[in-house]
Amino acid sequence: MLQPRESDVPVLFVVFIVLPVIAYFLLGRWHDAVSKKARVSVLAQRAAEETFKVETMATPDVILPGPSLRPMPYMRSAPSARPEYHECATCHGPAKTRCSRCKSVRYCSGKCQIIHWRQGHKQTCQQWNGFGTSSSGGLPPTENTEQMPFLSNLNSPLRGSDVHLHDMDFDTMSEPSFVTTDSYNLDTSPFLSDRSNMNKPNQFLHTSENGAAIGSYEKNDYSIDGEVPSSEILSGNKGLNNSSGSGENCGNRDVIYPLNSVVHQPNNYAPEIRKRPKASITVYESDKGVYLTSDMISSGEGPYASAAESLQRSNSSGNVTGKGNMIHKKPPYPSGKVSSSQKSQEKVLTSHQYDGHEKNPHNKNEQRSTKTAVSTNSSLQGCNGISKAGASKVEALKKPSKFLKTSLVGLINDNKRSKVLFPYEDLVKFFQYEVRGISPRGLFNCGNSCYANAVLQCLMCTKPLMIYLLLRLHSKDCCSKNWCLMCELEQYASTLRESGGPVSPSRILSNLRNIGCRLGGGSQEDAHEFLRHLVMSMQGACLDGLGGEKQVEASLQETTLIQQMFGGRLKSKVKCLRCYHESERYENIMDLTLEIHGWVESLQDALTQFTAPEDLDGENMYKCGRCSAYVKARKQLSVHEVPNILTVVLKRFQTGKYGKINKCVTFPDMLDMVPFVTGAGDNPPLYFLYAVVVHVDTENASFSGHYISYVKDMQGTWLRIDDSEVQAVSLNQVMSEGAYMLFYMRSFPRPPKIYIEKGLSSVPTCSKRHSSKSSKGSKQDLNHTESLFASSDQTYGIYDFRPDNGYIQDQHAALRTRNFYHTDDAFADSISTDFSDATSSEWSLFTSSDESSFTTESTRDSFSVVDYGDNAGLDPISSIFGPYYAQDHPPGSFASCTRLSPSNPQTRYFQENTGFVSDSSMPAHLPGNVHRGRYPDRACSSSAEPPASANPRSVYGRYGLSREGFVQTSGFCQM
């Protein structure tokens, strides 16, 4: 064996250790240098772009001179050349930037700016306000530099007293022009108005013959029949010396003149112009001349208030008050924002002022992007008080109208409503309407596929999903070229419309790989895992048309039909026991998995254990962000938003041991989730059982066994489905099974979170008609209930999917689908629900726990349906369940339950198949109404009259009709 020489060790050390370390260090330095250089180049490029943008839009301070208004021939001026070199105030080198505050000092770098600032510039630097003392001040950069072609002219100093006003975009103008007259020597104010009256670059001067000129400015030329040149706007024969124009022929003819001329204004009163307050100007034209007034003159301010007196002495039959309004924005300001009042004025002006004139087609896009409000035409009221009328109209324009607010709110709501993938109103119909012509069929076992058969049977009995599949709403918009799960489920649902033998789910099972599911292949699988894959795949199929889950925002994903049915939220609250800081987190769920070990004997016990506080200690300590350490904490889970289709999974399988918990866990067929919900707007979440999945085994193990399902069809009959075998069973048999998965359907669907947050969920018609104030008397409540029942045929309907049924459209429903019509049977006016016992307390109707009983004195403060009905001034039963179900009721077997309250006895009738409820204390035509009462203390019998010898301890009973005859489904009544 070769032995290494001693001289090789240092060489190996240098080669394999020292050199790699040195190379790593050098590469790191080189990488840092390259990154720094790239970062510097990026910053320099950004600074250069910003500087170029600032230089492009830089303007000097401009004070428009003089009080004379002379028209000049229309001409376009070439842009002035800007200086290419600027000197740094510190090092006198080429300057690239300037002071962002005063806009008057330039620098070559940020370092020079800091040095100059510390040398004393911070004492002399003043905020730039549009009329500063610097000659190099300007406007800040805006988002769109193409909207300001006039800035090139303003960068050059003024020569003489000519100021070019044509092609100016007054949307971005820093200070407006001053227009005065020589005859009055007026010191007028700028063309100003409220900020809500501006932003339009395409403005014009709208004048009427011998009338007013509504002053605005048009950037583009108009094609006008008989166009009048701009030099004739103010005729030379009509001087400005006469102030007593009669204006008898005001408003005879309207003409639009392009105001693209050059205005000469001697700067005689420039100092006073700066000191004048902002005011609106009225420009009008009469037979004697053209006049300009302002509210400053009418108020007696300034040395030229006598002009207002001469103006008041003029008698005329009418006038047009025009306001040449321009709003200037001082930097910084955003671009492209249009106020609400401006939009309303713009609509009015578009219909009045642009009527009969053809616009320049090249300006359509610009007019759409940036719009402004121009003052509207008004009727001629006389020349007296022109300035006062103008001032009042300016104030009126500042206040948006109520109609405008309403229209804007409606527009916003319409836009928000469009961001919903499946309308909530249609989901309400899927929950409310009755379904006919559908009956479950068996499924062939395609090799250990009982888990899939049981889950598919439960999903096909999910009412809203079943209606959605039968209406083929997905396939109408499906754009998938490959195999689609939703389209396949629609094909399977269509087979349920026809009577026959079992069908095969082989097409679904053979394509499980296409939906990312690793189940199948003939092996035994978990039904819960298959359900999760199926629900998530249906959610993905709903989003495929929009580009997939990654392309759709999270808030929009919650508005799909699958998410609205199965989606919910859990709330996790952790409280630090050291600093008592509380943190909350929310988690989206598709089902609710509950532990059943220990003392749990019912579903309510499992929910109580799930929502009980848990101490985090030992190895499970909580890391508090405020304490910055692992501390003891207390954690509590609660259901923040319960899904509309609540899937409860009882964890019977033990992980690691392959064992199964075969203990008996009772469950109700009407579940009250009020004690376990923290959401404020989620009351009362009442759920009805409609499907159960049971795992049957003989070896008490999780790796073997068989899945069967119990489902309630659309007519309310419970069926036991074992693959291809379907048989009717009683409710008692369903309640005695060891359930693995429970499917509950909400009594009324909860709206999505986006509806609740933005207040877009419209109250259904039935809820609006059913609501009443608690202050009304019993007679008013009764009349209100009668009107509700009388109109119920317009609120509820039936989806009839029988093969012989034709296409019927509903004129009152918003959803236009096939096989739909309103209920018109004998019991259409009744309000029904499916009641059952399923309770462990003799006084409870809605939960099996004594804590939720609403008839005992000790728990009266807890929530109950009767309390809810009392607070709303409604009947306790019909107020909760009335709006939810309206089914027809074929003749069947009824049992009555009579209770005696301190006032009068009432009798209730119950039928298992249809859930029909009636009250003998109410009129005969109101079978769905139940009188409100808190102290039921009589028994039930099989007749409408209370028996003489009734057990006073019996409270509630019901009998259903099966093939063998009467089957008692409640243990609280004795026959």
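Yeah, the Cβs are placed from backbone N, Cα and C, and that goes for glycine too.
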**Candidate ranges 50-87, 88-125, 392-429, 582-619 [criterion: Swiss-Prot lists as zinc finger]** = 88-125
**Prompt:** Can you count the other CB atoms that lie within 10 A of the CB of Cys125 (Zn(2+) 2 binding site)?
**Reply:** 17
**Complete:** By Cα geometry, the one of the recorded positions (Cys99, His121, Cys125, Cys450, His706) nearest Cys88 (Zn(2+) 1 binding site) is Cys99
**Prompt:** In terms of Cα spacing, which of the recorded positions Cys99, His121, Cys125, His706 are within 10 angstroms of Cys450 (active site, nucleophile)?
**Reply:** His706
**Item:** Zn(2+) 2 site, defined by Cys99, Cys102, His121, Cys125: further same-chain residues with Cβ within 8 Å of the Cβ centre
**Value:** Arg101, Ser104, Val105, Trp117, Lys122, Thr124, Gln126
**Fill in**
For Cys125 (Zn(2+) 2 binding site) and Cys91 (Zn(2+) 1 binding site), the CA-to-CA distance in whole Å is 19
**Message:** Quick check: which same-chain residues outside Cys88, Cys91, Cys108, Cys112 lie with their CB within 8 A of the centre of the Zn(2+) 1 site CB atoms?
**Reply:** Ala89, Thr90, His92, Gly93, Ala95, Tyr107, Ser109, Lys111
**Complete:** Cys102 (Zn(2+) 2 binding site) and His706 (active site, proton acceptor), compared by Cα position, are separated in whole Å by 83
**Asked** Going along the chain, which residues six or more apart from Cys112 (Zn(2+) 1 binding site) have their CB under 8 A from its CB?
**Response** Cys88, Ala89, Thr90, Cys91
**Prompt:** Once near-sequence residues are set aside, which residues in the chain of Cys99 (Zn(2+) 2 binding site), 6 or more away, have Cβ atoms under 8 Å from its Cβ?
**Reply:** Val105, Arg106, Tyr107, Gln113, His121, Cys125
**Complete:** Cβ contacts within 10 Å for Cys102 (Zn(2+) 2 binding site), all chains included, total 18
